[in-house]
Structure formats: structure tokens, C-alpha cells
Amino acid sequence: MAPFSTMLAYLLMVVAPLAAAVPFHNRHSLTPQTHTHTALNMTHLMNVVINPHAKNIIAGRYIVVYNNTFGDAAISAKQAQFAAAIAKRNLGKRDGLGNLLSTEIHSFKLHTWRAMALDADNDMIQSIFDSEEVAYIEADTKVQNTALVAQTNATPGLIRLSNKDIGGQNYVFDTSAASGMTAYVVDTGIRVTHTEFEGRATFGANFINTNDTDENGHGSHVAGTIGGATFGVAKNIKLVAVKVLDASGSGSNSGVLNGMQFVINDVQTKKLAGKAVMNMSLGGSFSTAVNNAITALANAGIVPVVAAGNENQDTANTSPGSAPQAITVGAIDATNDVRASFSNFGAGVDIYAPGVNVLSVGIKSDIDTATLSGTSMATPHVAGLAAYLMTLEGVTNVDDVSNLIKNLATKTGATVQQNVAGTTDLIANNANL
């Protein structure tokens, strides 16, 4: 399955210029743009971090993943020691680029997976690395959306999703599907007041120091494809905005982890295991931490659907696109089933869906529309389809949902045209269920 390098939040914008559990009340920006340095020298930490050559590393910021052979009590005690040391050591201190280091840490507990994100100088991160409770450390990296703005407004994406062949006239669907389901949109936020959402979209959490609403448009567009009244695949679903990307579509791996922590907490609080999907139309360079967090989330009863990415490269180089427990989605043009020229490929791609000139929600007003292209746009077609099938067929875990989607796609006989060898040729379809 399927960069968090720029977690090109697979807000995947390819046309014009390539245009995509912590309580919420602790809203701290996890995208310190002033920390970002594309030519950061990590040679001094080659033996400490597992990704010293990653793109778009955030200077002085790390994701520390704990060894799961230790119990919660031992990890909590060790983390308290780290937090106390950071609070003192980072006070008034700057990193090598002159940026003030934060004195706070962000803790993650996704099912049995535990980690923390923090700012640290070289000596401190070496000390943390030497602790037996620590499994590995990643340098935090930047993520970003990458949706593609198109010039036209017509898109046959929904029609393609319910027709065996190209050129269908209607979107055929069960009007009761996705009732009782919730989709978490981990993205730039959602314009929840838009008429397309009929009151079914709500604000969940904001891990960016900006307004709670969508200032970019990518997240709202994605949400509209999942569950909009006109543009949506699953027209009864509830939509929850989890904002991890700013107005420019930028974010960080640690910010995305905070978003996932919120999702798993909310699902557990509301007893939604087996009734929730998570859409992540974003991505960046390969991240072991992010992929493991996806696995933890899937094990907690949430179906993660992620974008393959828009770099026309193997998804194995990206996260979360390469996460084994995610359903990774590539993009086709629904008018001819041709693989989109920008779409990532490889064995990690599970399914293709319409991702060229997709019409959905805009953010200029509560009735605005926008047309975007990218694997970011293909992904919500499959997230909506997953929720649709979960209610109709009674499947609840990611493996069963993924297999059902693939089986239905196989039955249509439709295949991706001009595809890359070694990549699935299956096109998502609801088989008129």
C-alpha cells in the first residue's frame, strides 16, 4: 500500500502548478515552518535516527518510539523523566538553525503502540536513544497536501464507481448505506457549514495554530467526495474534521500522529470500532513510525484509507502509502480508465479510483464547488466505498474490507489502462450493492 517528506498530504494537486491521545484542547502547532531546513546535516546522528537522509527534516524535532516489551507503567515513568529533563534543558535554548526549542512533549498511545514527539539537542536525543525503553527514533519530517487544480467542472467519478464499463449515465447506490458510520478526515479541516454536508460534518480537533475551519480547501473537497449529498459516495455518513495541515497544505509526521491519536481516542470514547474509516489524502517520505501507527489504528477497529501519492514513483518510498495495514489508492481518469500520469504505483497500491478532474466541495461559500485532481481525490472515493460496504455487507476490519473491494472490482472485468508493471489493475466499484 502506498511523501510525508512533505506528506504531500496527497492533497494531491497536479494540474495547474502542483497545487496536495492527546486531548484536543492542547492545540500546539506541529508544523514549525521556521524549523524546516531542506539541507539539514544529520551526519552527527547517523547512528541515532533511522532516517538521517529523509527529505524535509524538521531541525531539532524527533519522534521517539518505545519498545513494546515494556509495560505502560515503565514507559510512563521513563517518559516522565524525559519530560522533566526537556522542560529544564530546552528552556531558552535554540537549535542549530537558531530556532527556540519547545519545552513540551506530545505523547501517543495508539492501541499498544506508544511514542512521543519532542524537540531536543544532540546530547539529549543521544541520551534518550541510549534508554532501553526506546525502540527507535525518527527525525520528524514535513508533510503537505498535493491536490491538483483543474480547469473544468465535469467529473464522472461517481458514475464510474457504480458502472461496470466506461460511459455510464447514473450513480447507482443503496440509499441506506453508511448510516451509523463515521469518516475521520485527517487533512486541512472541513467547511462544516457547507450545504453538501447537511449538518453531518463536525469539527473534531485542530493540531495547527490557525482557525478550526478549512483554509486550504483540500479537506473539504475530500470530505465532499466521501459523504457529500451530491458529490459523495456514502451520503449518510458522519464526517469529522481532524486538522493536521495548515492553509498551505503543510504539516509534519508528528502532527499527523497527533491526528491519529485523536481519531483512536474518539473512536474508543464513542464505541465506534468497526464503524469508522479514516481518510488520509496526504503523504511524505517513508516513515516506520507512521506505518506502525497505521497498523495500531487498524488493530483498534478503524479502516485506514490512504493516498498512493502524486510523484509518479513507487509507493514503497512513501508513507502512509506503504503502510501494510492501509488501503492504498492510486488514481485513474474515469473517462478512459487510464492511470493518471502523476499517480504513484507499485505493489503497495491496492486499488485505483477516479482522481482526475473530480468535482466536489469548495470553500469560498457554503455552496461553492471546486475541481481537483490527484490521488488525494481518488482516496475518498474508496474511503466512502469502504464505509458503504461495511454497513451493507457487515465487514468491519481492514483486511476484510480490502478483500471485498478487490473482489467486487475483479468481477467487473474493468482494468487500468497504461498501467505500470507490478501494480494492481483493479478499479474500485460498488457492484450496485
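Note: Cβ is positioned from N, Cα and C throughout, glycine not excepted.
Listed in TrEMBL:
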ACT_SITE  Asp187  active site, charge relay system
ACT_SITE  His218  active site, charge relay system
ACT_SITE  Ser376  active site, charge relay system
DOMAIN    185-418  domain 'Peptidase S8/S53'
SIGNAL    1-21  signal peptide
Discussion item. Between the Cα atoms of His218 (active site, charge relay system) and Ser376 (active site, charge relay system), what distance do you get, rounded to the nearest Å?
Written reply: 8
Practice prompt. Take every residue in the domain 'Peptidase S8/S53' (185-418), average their pLDDT values, and give the whole-number result.
Written response: 96
Item to complete: Do me a favour and check the Cα-Cα span between Asp187 (active site, charge relay system) and Ser376 (active site, charge relay system); whole Å is fine.
Response: 10
